[in-house]
Amino acid sequence: MAREYKIEDYRNFGIMAHIDAGKTTTTERILYYTGKSHKIGEVHDGAATMDWMEQEQERGITITSAATTTFWKGRDGKTRRFNIIDTPGHVDFTIEVERSLRVLDGAIALLDANAGVEPQTETVWRQAEKYNVPRMIFCNKMDKTGADFYRSVEMIKTRLGATAVVMQLPIGAETEFKGVIDLIEMNALIWRDESLGAQWDVVEIPEDMKAKAEEYREKLIETVVDIDEAAMEAYLEGILPDNDQIRALVRRGTIDVKFHPMFCGTAFKNKGVQPLLDAVVDYLPSPMDIPAIKGIDFKTEADIERHADDAEPLSMLAFKIMNDPFVGSLTFARIYSGKLEKGASVMNTVKDKRERVGRMLQMHSNSREDIEEAFAGDIVALAGLKETTTGDTLCDPLKPVILERMEFPEPVIQIAIEPKTKGDQEKMGLALNRLAAEDPSFRVKTDQESGQTIIAGMGELHLDIIVDRMRREFKVEATVGAPQVAYRETITRQHEEDYTHKKQSGGTGQFARVKIVFEPNPEGDDFKFESKIVGGSVPKEYIPGVQKGIESVLSSGPLAGFPMLGVKATLIDGAFHDVDSSVLAFEIASRACFREAAKKAGAQLLEPMMKVEVVTPEDYVGDVIGDLNSRRGQIQGQESRGIAVVINANVPLANMFKYVDNLRSMSQGRAQYTMTFDHYSPVPSNVATEIQAKYSGQK
C-alpha cells in the first residue's frame, strides 16, 4: 500500500494550555470542522470526544493525551493530514505534556483572553522551549467578560519573554465579539452565528479599525523581515514584501522559534477555528522541516541521525501506553523514519527484546481503524507488544538504534495503600502494575518491613486519580494512608566483632565462628564484602554463607529498622567443626555478628536529600528562599532564565510534603518546581531522635 499523503503534507501538533483555557473545546471544534466528529461535544455536559476517560468527563479536566488523526483542506485546496495530541493543563499531569511535546513537531498554545498568561501556561511554555517546539498562539474565549486581546499580547512579552506576531485583530470583545481582521489579506471575517461557525462573510475592515489594522500590519512586516537579510534590505529601500512572501517569512520564523504567530477567536462560540487550521498548514512544520532525530548505534554506540524518510531504516519512539477497554494494552508510537507493516517484527533496543506488532490502529479519540501499514511521520497505536514501556525505542532489527530517551521526573509523594477486602489483594496488585506500565511518573513497591504496598506519584491529585481509576476500571476499593519518607541507616566507624554460633545438644549440631571487621564503604552506598582468610580457618565453601548472612540483615538497621547503606565487611578469621559446621551455620553466625557490630559501629540515620529547582518570577525570590531555608534547605545558587529566576537547593524530602500548595500560594501560582533525588545525608540528632521514637515502635 503506497503512502496516501506526502510527508510534507503532515502536521503533527498538540494543543497546550493552562487548565480551563478551552483546550478540549478547541480540539472538539477542530474535529468537527475537519469532518471527524458529527456532533460537537461540550465539556460542560461531559460529552467531549477527546476526553474519553470517565473521570475526565466528570472532572472536566483532560488527563490523558488522546491522539487523533484528521484531515484539512487548506487555502490552496490541497488536503493535509493532521495528527493532533490533546494534553492536560493541570500541574500534576505535566508528565503527559512532556511526553507529547517530545513526539510533536509543533504546538498551539491556548490563552484565555480574560486571564492571559496563567501559571500553567508558563510551565508548558517552558517545557516546549526545552524541546524547541515551534508554537502558534490562539487567544481563546474572546466572548468572555473581561476578554482583552491586547493585554494578552503584552503578557506574552512580559511573562514568557517571547515575541508574538499578531496575525489577526479582534472585531469587538466580550458579547460583542463577532469576527477578526486578517492582517495579511487586510480584510475582515464576520461569522454567521446560525451556521455553527461553518460560514462567515469576508467584508471590508470596519472604518473605525482601519488605522489600528495598518499599525499592526506594519509591526507584523517589521518583525518578519528582520529574519531575512534580503527582505530587510528591500524593506529599508521602501519595497514591501507581498502576501506570499510575508507568509513564507512567518513560516520560517515560526519553525526556527524566532517568534510565534498569534490568532484570536472563541472555540465555544465557533468563531476563528478555521483560520487557525489554515495557519497550522501555513506556519507549523511538517516532519521534513524539523531536525533529524538523534540516537546512538545499538552496536557501536556511535552517534547517528534518522531522517523523516520512508527509505531510511525503521525507527520509532513509544510515548504512551494505554489500556483500551476493547483492544487491551495499546502502545502509542511516533514513527520517525522508515515504514512499519502489521505483523512485522521490531526490536526494542532499550530492553534488547524482539516484539511483534499484532494490530496497528489509527486512533480517532476513542474510535479506531485497523491499518496495514504506517510511514515516517505517522503516530500510530500498536497492539500486541509485551515488553515495551514509555520512552522505549522500536526499530528495524537489522539496523538497531537507541533514540534519545524521555526524561521522567521522580515521584515526589508516596502513600501506603491497601485493599478494603482481603479478596481484592491480587486484583489490586494487577491493577497497580497495569497503571504503572501506562504512567512512568507513577511507581509501585512493597515495603519490606511492613509488607504494605506503597504507591508514589507526582502529587496528591495524581494519586487520587490513580486510586479512583483502580475503583472504576478494575473494581478495587482501597484505603490510603498518610505520606511517608524512605529513610536509610549506615555505620560511621570501624568495628571488629568476634562471634561464635553453636548448638550442640544432641542430634546434628551447628558450629561456626567468624571474626569480621565492619567499616563505612569508602566507595559509595553499596555493600562490599571481602575475605582475607588464609590457612583455611574458614573453608572456602562456607564463605558465601558469611556474605549471605550479612546481606540478609542489611534490610533492617539497628536504629529504626530502615535498610542500611554504605557498609564494608571483611572476614579476617574464624573456626569450624568437621561435623557440625555448614553453610547455614556460618550464615547464622555472620547474621548475629553484624547485628551486634551495627550497634557498636556508630549507627547513623540517613534521609533522602532532594535536588529542588524552583523557577519563579523575580518578585517572589525572597519568599521562596526564606521558605526553603525554613525547611532545612541548603541553597546551592540562583541564576536568571529569561525573565524568571531559577533557585537551586538541596532539601530533605521529609520537609517537602505539601510544598506545591505552599509554593502556589506564595507566588500566586506563578512559580513552579521540580524535585529529584540527589543523595542520602545524615539526619540532625534532634530530628533523628524523633524519627527513631516514631518508627521503633512500628518495627
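Cβ atoms are placed via backbone N, Cα and C, with glycine included.
According to Swiss-Prot:
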DOMAIN    8-288  domain 'tr-type G'
BINDING   17-24, 86-90, 140-143  GTP binding site
Local Cβ density at Ala17 (GTP binding site) - other Cβ atoms counted within 10 Å:
28
Roughly where does the domain 'tr-type G' (8-288) sit in mean pLDDT, to the nearest integer?
82
Including all protein chains displayed, how many Cβ atoms other than that of Met142 (GTP binding site) lie within 10 Å of its Cβ?
30
